[in-house]
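Taken from TrEMBL as is:
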| type | residues | note |
| --- | --- | --- |
| DOMAIN | 563-613 | domain 'Cationic amino acid transporter C-terminal' |
| TRANSMEM | 79-98 | transmembrane segment |
| TRANSMEM | 110-131 | transmembrane segment |
| TRANSMEM | 173-194 | transmembrane segment |
| TRANSMEM | 206-224 | transmembrane segment |
| TRANSMEM | 236-257 | transmembrane segment |
| TRANSMEM | 278-304 | transmembrane segment |
| TRANSMEM | 324-346 | transmembrane segment |
| TRANSMEM | 398-420 | transmembrane segment |
| TRANSMEM | 498-518 | transmembrane segment |
| TRANSMEM | 524-548 | transmembrane segment |
| TRANSMEM | 560-584 | transmembrane segment |
| TRANSMEM | 590-608 | transmembrane segment |
Amino acid sequence: MGVLVDSQKEGFGSSWGGLKSLVRRKQVDSAHSKRSGHHQLAKELTVPHLIAIGVGSTIGAGVYILVGTVAREHSGPALAISFLIAGIAAALSAFCYAELASRCPSAGSAYHYSYICVGEGVAWLIGWALILEYTIGGAAVARGISPNLALLFGGEDSLPIFLSRQYIPRLDVVVDPCAAILVFIVTGLLCVGIKESTFAQGIVTTANVCAMIFVIVAGGYLGYNTGWAGYKLPTGYFPFGVDGMLAGSATVFFAYIGFDSVASTAEEVKNPQRDLPLGIATALSICCGLYMLVSIVIVGLVPYYAMDPDTPISSAFASHGMQWAAYIITIGAVTALCSTLMGSLLPQPRILLAMARDGLLPSFFSDVNKSSQVPIKSTLATGLVAATLSFFMDVSQLAGMVSVGTLLAFTMVAISVLILRYVPPDEVPFPSSLQESIDSVTLRYSQRIIGKNPETSTFVDGSQPLLGNKNVAVDCPIIEKQEAQAYWTLTEQNRRKIAGWSIMLLCVGAFGLTFAASNVWIPSLIRLTCCGVGGVLLLSGLIVLTCIDQDDARHNFGHTGGFICPFVPLLPIVCILINVYLLINLGAATWARVSVWLLIGVVVYLFYGRSHSSLLDAVYVPAAHADEIYRSSGDSLA
């Protein structure tokens, strides 16, 4: 029995063929696994920087419009409860992100975690989807700044000619120079350094938060003087019922998207085990508190049915004679969009960096500038594409595609937490150049485990085997009975198999349950059957994972001493259920567009990523023997 486990050649069998690359997993970065050819990103960030990134990336201008739309159509005066429920749902994903970010503090966020816990194929699709999310998101945000900026100067046509939107008849497009210029400015700022760009984002975010605090304080004063007319309605607090309030929660959930940008900077945090969980939790708490307070005030100033769906906050103040407040609110919207633009362009270069380090993208994207310690080439490429899209295209119709990447990432992070707790990777990939060291350690462990001299039939300690004559037949039904009982004992190998199947089946159950529940066009019998089967699979997976022990190796997996996600397996399973439900309800048109992008990604992976992967010739060895192999090789990878 040796310790060598070459998964690429033996572990999956010849029937897998080219599909074996989809399930190969990489190692958590450590002092041994850092590649000498790659410069590390600057470790400059602390908790205040992470809070600035999280709040700035999350609170966009949408909240200045969202409160009116959701209150009018779904929640009514219960809008604050909708924000609270959505915030709790987002916190479930934040808990999962916090554990993985502190255990695996490297660039790449959900792509990085998926590659470690699930496999290369899923990780590639997550990374490819995140590239789409940040590109479309950045372009959409930049495109929305110029109209709000024009309002500060008196109207749509008040901007200078070189900044205002222009219609080009020959191309039948409306170009937006202001959007492209802003993208280039933010790109240049990101190239200067992570600390400098985060400081600038903190200033812009502070201006946005101050505008929201003005809305809360001034609106609270008006509401106190006028008696909170919005809450004195005959329809009550839930005019659309509890169902309407929950539908509002599903809508405002997307207002919390952005805190995952904090996880993308994990490699640049000074103390990731402590600071990353604190940064994520604090940023999300601030956003939830501000959302709830703003919604409480605005819904109380104006009856929900009388809200302006386009400018609910400005119109609410105008109805009480404070037209000048519109300027402060517009400044808040502009600063919110600027901070969100920085939050959209910051993570993508780090995603590209991580994928290029793993060989799935050209090494061009993995270059880190020696002076600023920033992936400048990836940042410039991101800015160029985002600026081009924002200049030529109205990407508002593609905004739904942004949510797909985020929700896929949230779902995969929750699944990764379950895998880490119950079936963490027990093999470590080594480059084939260390084959000699691997063979040496393999031989030593084989001799220890076998513990026997084949020539003298003695064990290493000199003792004789129990039966000296190997031809003696022994008929012992007691031994047979004990062997039969041992077959049904829950060994570690059986526990891992049961846990792995349970995780897979509960994911299938979550999809079946949410798909059937969300599509009313399905015939009733089929719909109820799918709901029942999905619910049974989901509940069975939860019960099994609750009853069996978690893997002891989880205590030493990755960088220890950081945040531990509570209530596992319940919390990640609820997180999976919520995110899959939201994914299914994004609409057929959105999924059609995303499917085209994902198919392009599959082609790129098949023709480039698969054959250039850093794990192409990797040899997999049990993790328990990795340190000895590193010592045997003279720490050549350090």
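For all residues, glycine too, the Cβ spot is worked out from N, Cα and C.
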TODO: Determine how many residues of the domain 'Cationic amino acid transporter C-terminal' (563-613) DSSP places in helix, in strand and in coil.
DONE: 40 helix, 0 strand, 11 coil
Task: Folded-back contacts onto the transmembrane segment (278-304), same chain, C-beta under 8 angstroms, at least six residues removed - done: 47, 49-51, 53-55, 58-59, 63, 67-68, 71-72, 75-77, 79-80, 82-84, 87, 90-91, 94, 97-98, 101, 209, 212, 215-216, 219-220, 222-223, 226, 228-231, 233, 239, 252, 255-256, 259, 262-263, 269, 312-313, 315-317, 319-320
Task: Long-range environment of the transmembrane segment (560-584) - Cβ separation under 8 angstroms, sequence gap at least 6 - done: 89, 92-93, 95-96, 98-99, 102-103, 250, 253, 272-274, 276-277, 403-404, 407-408, 410-411, 414-415, 417-418, 421-422, 506-507, 510-511, 513-515, 517-519, 538, 541-542, 545-546, 550
Task: Contact yes or no, the transmembrane segment (236-257) and the transmembrane segment (110-131), 3+ Cβ pairs under 8 Å, gap 6+ - done: no
- [ ] Select the range from 79-98, 173-194, 324-346, 398-420 that forms the most Cβ-Cβ pairs under 8 Å with the transmembrane segment (110-131).
- [x] 398-420
Task: Segment proximity, the transmembrane segment (324-346) to the transmembrane segment (79-98), 3 or more C-beta pairs under 8 Å - done: no
Open item on the list: If we skip the immediate neighbours and take only residues 6+ beyond the ends of the transmembrane segment (324-346), which ones have a Cβ under 8 Å from one of its Cβ atoms?
Closed with: 53, 55-61, 63-64, 134, 137-138, 141-142, 144-145, 148-149, 151-152, 182-183, 186-187, 189-190, 197, 200-201, 204-205, 207-208, 210-212, 214-215, 218, 258, 261, 264-265, 311, 313-314, 317-318, 379, 382-383, 386
Open item on the list: Which residues of the chain, 6 or more past the ends of the transmembrane segment (173-194), have a CB below 8 A from one of its CBs?
Closed with: 41-42, 44-45, 138-139, 142-143, 145-146, 149, 159, 162-167, 200, 265, 268, 338, 341-342, 345-346, 349, 369, 372-374, 376, 379-380, 382-384, 386-388, 390-394
